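**Q** The structure's right below; bear with me while I get my questions together.
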Amino acid sequence: MKTDTSTFLAQQIVRLRRRDQIRRLMQRDKTPLAILFMAAVVGTLTGLVGVAFEKAVSWVQNMRIGALVQVADHAFLLWPLAFILSALLAMVGYFLVRKFAPEAGGSGIPEIEGALEELRPVRWWRVLPVKFIGGMGTLGAGMVLGREGPTVQIGGNLGRMVLDVFRMRSAEARHTLLATGAAAGLSAAFNAPLAGILFIIEEMRPQFRYNLISIKAVFTGVIMSSIVFRIFNGEAPIIEVGKLSDAPVNTLWLYLILGIIFGCVGPVFNSLVLRTQDMFQRFHGGEIKKWVLMGGAIGGLCGILGLIEPEAAGGGFNLIPIAAAGNFSVGLLLFIFITRVVTTLLCFSSGAPGGIFAPMLALGTLLGTAFGMAAAVLFPQYHLEAGTFAIAGMGALMAASVRAPLTGIVLVLEMTDNYQLILPMIITCLGATLLAQFLGGKPLYSTILARTLAKQDAEQAAKNQNASAGENT
């Protein structure tokens, strides 16, 4: 009897253990539905705000250009008006940033990276209106900036806003929704959902806590953001360059050469960005009046430049198809490239609210097309198409500068719908990234974040020192 009882108890214990193991196994992949629901909300909001931001910037640009068209026959009015309109619009952006939310200046992507590490604040109630309205001013003025930086920062801040509205206190939820909003923001800017996901995994890999919950939330947010974008803007690729021919195997070595060129250009470009930032900091010294006037002057010059050489101003999306089609000579391509390098440095490094992705894509297109046209002359037996080198170069500068080759490859392929060029793009972007790393170049966003944190620590140390001095007196 005792033996039967012992056997029965042993069997019950085994059953309970198995049941507990099955329960734990089932719960291991049980993503909290609340986080997925909030990720869907964040993605939807980011898509709506991203589309609204794009439409608002286009409206400001059209209003400015429309005003200039009215006086196009009167040169004595046209040139001053072009300067004044762009200067005033730019000054709005600079003033709002400096006065209400300094963290909204520049791209905003380093701020999201810092927030993921709990090193930078997320004041969404300030950043959202400042980044939106300020970006309308600077991008509407025709400055050489992109809208992807604002939408990424706006998306991340929307993620924190949703978290606060639903009163979630979990550190995991806070981190996950911030990353979800950032990924949805990139997707909303470029209609590139896969690039948005890869951007979080690759570019923000030191900060992103990869687990089943976070990655499912990012997927959910990006899906919703992309759906919203396509409802309003359609499903066509954001950059229309047409279907280009494949790259024959015997020409792939040329793409490696192109990657080597960008591997040299990337670190130099990053160094110029940082040095220009230091130059502007020395000029205005943190004084809001000097900073706003400086921004107005840069904006006004971009307005004038838009009259002289329209291709040298603006984010660059309109320039990319024209350049990739081979409508410029090699000399003119290089001239526009140098001009846009200068304008990109002035606009981005001055702290204007706006991104640098779009300007870098345009720069890569210009240099890639110039290389392709030169190679076509040097190697006529290959029957090369310059547009394929334009596509490869478009992602190569981003890969070398930001050190995110996968994101650069997928982003360009999604934006242009030329997936058949994936092999030459891999060769170009990988070559650019490896050489940039070998030359000692540092990722641009990580370097900017490190400088921001160093400045933050210095300011905090100065405050503590002043407080101690006050107590001693």
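Any Cβ shown, glycine's included, is placed from N, Cα and C.
As annotated by Swiss-Prot, chloride binding site applies to S107, I356, F357, Y445. The annotation motif 'Selectivity filter part_1' is assigned in Swiss-Prot to 106-110 on the grounds of sequence analysis. Annotation comment: Swiss-Prot describes 146-150 as motif 'Selectivity filter part_2'. The annotation site 'Mediates proton transfer from the protein to the inner aqueous phase' is assigned in Swiss-Prot to E203 on the grounds of sequence analysis. According to Swiss-Prot, the topological domain 'Cytoplasmic' annotation covers 1-32, 117-123, 167-176, 202-214, 282-287, 439-473, on the basis of sequence analysis. Summarising the annotation, Swiss-Prot assigns topological domain 'Periplasmic' to 70-76, 233-252, 310-329, 377-386. If you look up Swiss-Prot, you'll see 33-69, 77-100, 124-141, 148-166, 215-232, 253-281, 288-309, 330-349, 355-376, 422-438 marked as transmembrane segment, on the strength of sequence analysis.
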**Q** Are there residues at least six beyond either end of the transmembrane segment (124-141) with Cβ under 8 Å to its Cβ atoms? List them, or say none.
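**A** Non-local partners: 49, 53, 56-57, 59-61, 63-64, 85-87, 89-94, 96-97, 100-101, 103-104, 108, 147, 150, 153-154, 157-158, 160-161, 164, 295, 299, 302-303, 315, 347, 352-354.
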**Q** Considering only Cβ pairs within less than 8 angstroms, which of the stretches 33-69, 148-166, 330-349, 422-438 has the most against the transmembrane segment (215-232)?
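**A** By Cβ pairs under 8 Å, 33-69 leads among 33-69, 148-166, 330-349, 422-438.
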**Q** Does the structure show the transmembrane segment (422-438) and the transmembrane segment (253-281) touching, where I'm treating 3 or more Cβ pairs under 8 angstroms (sequence separation 6 or more) as a contact?
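**A** Yes, the transmembrane segment (422-438) contacts the transmembrane segment (253-281).
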**Q** Under a Cβ pair cut-off of under 8 Å, which of the recorded stretches 148-166, 288-309, 330-349 contacts the transmembrane segment (77-100) most often?
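**A** When the Cβ pairs under 8 Å are tallied, 288-309 comes out ahead.
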**Q** For E203 (site 'Mediates proton transfer from the protein to the inner aqueous phase'), list the number of other Cβ atoms lying within 10 Å of its Cβ atom.
**A** 24
**Q** Can you give me the Cα-Cα distance between I356 (chloride binding site) and E203 (site 'Mediates proton transfer from the protein to the inner aqueous phase') in Å, rounded to a whole number?
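**A** Their Cα atoms are separated by 15 Å.
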**Q** I want the residues beyond S107, I356, F357, Y445 whose C-beta is within 8 angstroms of the mean position of the chloride site's C-beta atoms, in chain order.
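**A** Near the chloride site, beyond S107, I356, F357, Y445, sit G106, I109, G146, E148, G149, F348, G355, M360, V402, L444.
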**Q** Tally Cβ pairs under 8 Å between the transmembrane segment (355-376) and each listed stretch (33-69, 148-166, 253-281, 288-309), then give the stretch with the top tally.
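**A** Between the candidates 33-69, 148-166, 253-281, 288-309, the best contact partner of the transmembrane segment (355-376) is 253-281.
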**Q** Hey, how far is F357 (chloride binding site) from E203 (site 'Mediates proton transfer from the protein to the inner aqueous phase'), Cα to Cα, in Å?
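**A** Answer for this pair: 13 Å between alpha carbons.
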**Q** Hey, which bits of the same chain come close to the topological domain 'Periplasmic' (233-252), Cβ under 8 Å, at least six residues off its ends?
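**A** Result: 51, 54, 190-192, 317, 320-321, 324-325, 379, 382, 384-385, 387-388, 390-391, 414-418, 420-421, 423-424, 427.
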